[in-house]
Structures are given as structure tokens and as C-alpha cells.
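Structure, as C-alpha cells:
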Amino acid sequence: MAGNGETPVPVGAKQEHDKKARSGWQGPTRVWEETEQQAKKLKSSEDGEQQRKLPKRKIVLLMAYSGKGYHGMQRNVGSSKFKTIEDDLVSALVRSGCIPENHGEDMRKMSFQRCARTDKGVSAAGQVVSLKVWLIDDILEKINSHLPSHIRILGLKRVTGGFNSKNKCDARTYFYMLPTFAFAHKDHDSQDETYRLSAETLGRVNRLLACYKGTHNFHNFTSQKGPHEPSARRYILDMFCEEPFVREGMEFAVIKVKGQSFMTHQIRKMVGLVVAIIKGYAPESVLERCWGEAKVDVPKAPGLGLVLERVHFEKYNQRFGHDGLHEPLDWAREEAEVTAFKEQHIYPTIISTERQERSMAQWLSTLPMHDFSATAHAAAGLGTKAPSSLEGSDGVGDSD
């Protein structure tokens with residue numbers, strides 16, 4: 001046995017070696033790997049524990065964004081085909097460490113709610129969303145660092161635990177920016193960029209816009225409601241057109257409207273009908289007919305110029321804005337940043353897109369095809385429609 005050249009291995013040592021082999025022991029390297037994995041687990045556990053110790057509070061964020069290239073505000077979970085503003089927002093919230101990743105997958109876990117669902121291409125200068133987050137240091141800077149420049153978080157405020165930005169919103173103000181050649185008479189060149197709005201025409205525009213003020217049945221200004229649905233009645237607080245201004249050689253005007261809430265396409269149709277009347281395609285009497293049960297063919301202006309400018313929380317501010325614990329939601333300190341964002345991202349996008357795509361000029365060319373007679377489509381849709389998923393919706397932007 002000694003002649004075979006092998007050194008005898010003690011029985012105890014061999015059994016220990018076989019035991020280590022069966023357990024997967026690979027010497028010092030294996031020990032180091034296990035130690036490193038344990039360290040990583042410990043660090044991850046510590047990080048998670050540290051995050052859990054951070055206060056998770058209900059807040060609101062003041063958002064501004066240019067909607068060009070997005071399919072609206074509201075996220076469509078599970079659909080990557082159509083990118084929305086909330087897709088970028090949720091990604092930034094997760095990456096900045098404000099919310100855990102699973103909250104991004106199920107937004108109900110952070111009690112997320114937006115004031116208005118703006119639709120494809122619609123921008124906002126004063127959107128407000130409510131949600132629960134970890135109040136990390138430098139939270140606004142960190143969120144914005146993960147957002148594109150055309151989406152900004154301009155303000156943050158603490159709110160009551162049960163606050164819901166949609167339900168607590170008393171009113172919403174939108175503006176619609178359009179080239180003033182839209183108000184030129186139909187016999188005038190519809191693409192004449194040298195057109196300038198006269199004081200007389202502006203006065204007539206404002207007289208017509210004032211007809212929308214008050215409570216009316218707006219079923220003709222949306223495809224979502226029938227004439228007998230109570231929710232088709234909406235209250236408009238104010239609507240007017242401001243003085244025109246010139247940008248890049250083209251004159252524009254801004255129509256502002258404040259209402260409690262709006263239905264899908266409502267503002268665009270309100271603007272579209274006034275344009276049709278001013279241009280001479282429809283009689284002024286069509287406005288009065290719109291409040292009746294008969295179906296009126298109301299044209300829908302392009303979505304490009306529509307912007308959610310401000311949301312209002314008067315009742316909330318009266319109750320909680322001066323209780324010593326919460327701030328009023330008026331965003332006065334952020335006004336300069338809001339104005340700067342509009343000047344840098346919203347106005348230029350509307351102007352350049354109008355110049356490139358001529359959306360208003362193309363839409364104006366379709367007005368002769370509308371039938372503004374009292375019996376237009378009278379046989380269609382007079383019955384009560386099934387309630388829409390946008391029942392009581394919050395802002396035209398909802399699907400505008």
C-alpha cells in the first residue's frame with residue numbers, strides 16, 4: 001500500500017472533506033461571497049427601514065407641462081403604446097425615492113388623484129395632483145431632475161389626510177389660444193397672417209362668449225350626454241376674450257373660461273360655435289337653440305390651443321387654509337414660475353405647431369360642411385344616453 005505513492009488521509013479529515021464538498025463549500029472564496037451577500041441584504045434592509053421611518057404624508061404638487069407628443073394626462077397602466085404625462089411623473093417619483101416602486105404600478109396605493117384629465121396635446125400651467133409620498137430632502141429638485149424640461153413640478157404643499165384634488169376642486173380655469181384670423185369673415189382669406197382683430201369684432205366675440213355664463217344644458221357641446229341627463233347641466237362663472245397680441249408676425253388672442261367642471265370637448269365646442277357665428281357660417285340664434293333638446297351640429301375647435309391654467313380650492317382654503325396647520329392652495333409664490341413656464345414652453349409650442357401644421361386653418365376649411373339648422377340631426381341621439389365613465393368629470397381636459 002505504501003508503494004502506490006499516495007499519502008494516507010486520516011479517516012476524520014476525509015469525512016470532514018466529503019461533508020464540505022456535499023454542502024458546496026469552495027474554500028475562502030465561497031465564504032467571501034456569502035459575507036458580501038449578507039452585507040448587501042443588510043444594507044438593503046437598512047435602506048428600506050430608513051425609508052419606512054421617513055414620514056409619509058398627503059401632499060399636492062403644482063404641475064406645468066406642454067402636452068405636445070403626449071396622449072393626455074392620465075396614465076393607462078399596462079399600456080406602453082400611448083405615452084402620457086403621468087407615465088413620466090410616476091417614473092420620476094419612483095426614481096427620486098418619493099414612493100416605492102409598487103406604488104408606481106398601482107397608483108391607488110399612494111392615493112393619487114389629478115384635478116383634471118387633459119387629453120392628447122392639451123397643456124397645463126396649473127395642474128394639481130394629490131398623493132402620499134415620503135417627504136425626502138430636496139424633494140422638488142430630485143423629482144424635477146428625473147423629468148424632461150417640458151414637465152415641471154413648481155410647488156408642493158401639505159394637505160389634510162383625506163384631501164382629494166378632484167373632489168375638493170371648486171372650479172377650473174382654462175384658456176384657449178388661437179390665431180385671430182379665425183375670427184375673420186368667411187369671405188376673407190382664412191390663412192391671412194396679416195389679419196388684425198378689430199375692437200368691434202372683439203366686442204362681438206365677448207358678447208357671444210358671455211351667453212355661456214350661468215347654468216345651461218350643454219348636451220350639444222359633448223358627445224357624452226343626452227339632453228335629459230342632469231349632469232349635462234354645467235355652471236360657467238366667466239368667459240371672455242382678452243386683447244390680441246402679435247407673436248412672430250401672427251396675431252393671437254386668448255379666450256379664458258372658468259367653470260365648476262367641464263365635459264369632454266365642451267370648451268372646444270364652445271369656442272368652435274362662436275368662431276362659426278363670427279365668421280358668418282351660423283346665425284347667432286343657434287346659441288339659444290343649443291340649450292334645447294334638439295341636436296345641434298356644433299363644430300369642435302382644434303385641441304392645440306387648449307391649456308388648463310388654474311384650479312381653484314376656495315372652500316378648502318376657507319376651512320383649512322388658515323388653521324395654523326395647512327397653507328391655502330393659492331400658489332401666489334409660484335406665479336412667476338408659472339408665467340415663465342408658459343412663456344418658455346406653452347406659448348412657443350402652440351405658435352410653432354400652428355405655423356407648421358396649420359391646424360386652425362385646416363379646421364376653418366371644414367366649417368362649411370356643418371349644418372347649423374334647427375333640425376340638424378334631429379332624429380339622432382335625443383334619448384337619454386347611458387351614463388359616461390366621465391360622469392361629473394373634472395375639466396374639459398378630462399378627455400378634451
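These residue numbers are counts, starting from 1, taken along the chain as shown.
The backbone N, Cα and C atoms fix where each Cβ goes, and this holds for glycine too.
Database features (TrEMBL):
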ACT_SITE  Asp119  active site, nucleophile
BINDING   Tyr174  substrate binding site
COMPBIAS  31-52  compositional bias 'Basic and acidic residues'
DOMAIN    212-314  domain 'Pseudouridine synthase I TruA alpha/beta'
REGION    1-53  region 'Disordered'
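There are 29 other Cβ atoms within 10 Å of the Cβ belonging to Tyr174 (substrate binding site).
Distance between Cα atoms for the residue listed as 'active site, nucleophile' and Tyr174 (substrate binding site): 13 Å, as a whole number. The average pLDDT for the domain 'Pseudouridine synthase I TruA alpha/beta' (212-314) in the predicted structure is 95. Taking DSSP states H, G and I as helix and E and B as strand, the domain 'Pseudouridine synthase I TruA alpha/beta' (212-314) has 28 helix, 33 strand, 42 coil.
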